[in-house]
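First the structure, in the form of structure tokens, and then the observations on it.
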Amino acid sequence: MSEAARLIAPEKRGEDLDATMRPQTLDEFTGQAEARANLKIFIEAARNRGEALDHVLFVGPPGLGKTTLAQIMAKELGVNFRSTSGPVIAKAGDLAALLTNLEERDVLFIDEIHRLNPAVEEILYPAMEDFQLDLIIGEGPAARSVKIDLAKFTLVAATTRLGLLTTPLRDRFGIPVRLNFYTVEELELIVRRGARLMGLGMTDEGAREIARRARGTPRIAGRLLRRVRDFAEVARAEAVTLKIADEALTRLLVDSMGLDQLDRRYLTMIAQNFGGGPVGIETIAAGLSEPRDAIEDIIEPYLIQQGFIQRTPRGRVLTANAWKHLGLNPPRDVEASQFRLTLEDD
């Protein structure tokens, strides 16, 4: 199963981009309480001074609301919002075109900034720090450096892999913001809001069941809600109940913990083929026929957060929670081996 085919894949899809479902203000935004509280202060201070907000870096797994927060920030600052992504900016001229079209205090959002071309990144440094573009015009002996003054803008960037950002780029963001997985209670509020906007009846138990299986991710909660709505409408149900939500999600192969076939293949392979681990990431990638990046960025964060696996210097290891969830008995020596690995980590 490819990552793109997964119902619970946290990456954006066309159906996820319904603007009417997005919160429009920080007060409407559910979850990330600490980040929202700080952003409110920074936004109000910048607005009162009539200055551009300092550059902001959002860090966290996909689907947690980085793009939505960037849009809300621009709206609350009362400025224009421009959006792009790291892979799209292929050359310096692409970046120059974006920056020179910005007005004073505008917000430029760059998603996946860790995938920015290194040559483009070099151009970004003076733009962020001095609001100037340093461009080389011409080639060979006729080449000359030209400085272009820019409007004072705010760069809001998002990354799922902070470690891939260079230190010079990372240090130029004055406001780093880490986003965390959402609680079931927060996701339940998001599901309720989505159902209300859809005109869909929803019981407390139905909302909680969808929230429990959404992997701590609002984007996945919205996607599951839409699929459960399909089942409810075909069944001519007046509201989504626990029974309808459970039956729909079970038929979609999303289990009680939000794991799908690929997650279970990951855990089962380590359990049955490698005795619970440790096993290296390259071996896992080959066994699943999935890219290493997809495993590290998409599959493993939630499994680690739920306490199903440990990352150790010698490889991935299943925990007692994973064995229990799979309904398998761990080898007799698994607890002792995990204890030794924990000591090695320390």
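Including glycine, each Cβ sits where the backbone N, Cα and C put it.
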Swiss-Prot ATP site partner of Gly63, Lys66, Thr67, Thr68, Glu129, Asp130, Phe131, Arg172, Tyr182, Arg219, selected from Arg22, Arg251, Arg264: Arg22
Number of Cβ atoms other than its own within 10 Å, given for Arg292 (DNA binding site): 12
Coarse DSSP state, helix versus strand versus coil, of Arg172 (ATP binding site): coil
Residues close to DNA site centre defined by Arg292, Arg311, Arg316, Cβ within 8 Å: Gly280, Ile281, Ile284, Ile295, Glu296, Glu300, Ile309, Gly315
Fewest other C-beta atoms within 10 angstroms, as judged across Arg22, Lys66, Arg172, Arg311, Arg316, which are the binding-site residues: Arg311
Tally of residues which DSSP labels helix, strand or coil - the region 'Small ATPAse domain (RuvB-S)' (183-253): 51 helix, 2 strand, 18 coil
Cα-Cα distance linking Arg172 (ATP binding site) and Arg311 (DNA binding site), given in Å to the nearest integer: 31
Cβ atoms near Thr68 (ATP binding site) (within 10 Å, other residues, all chains): 18
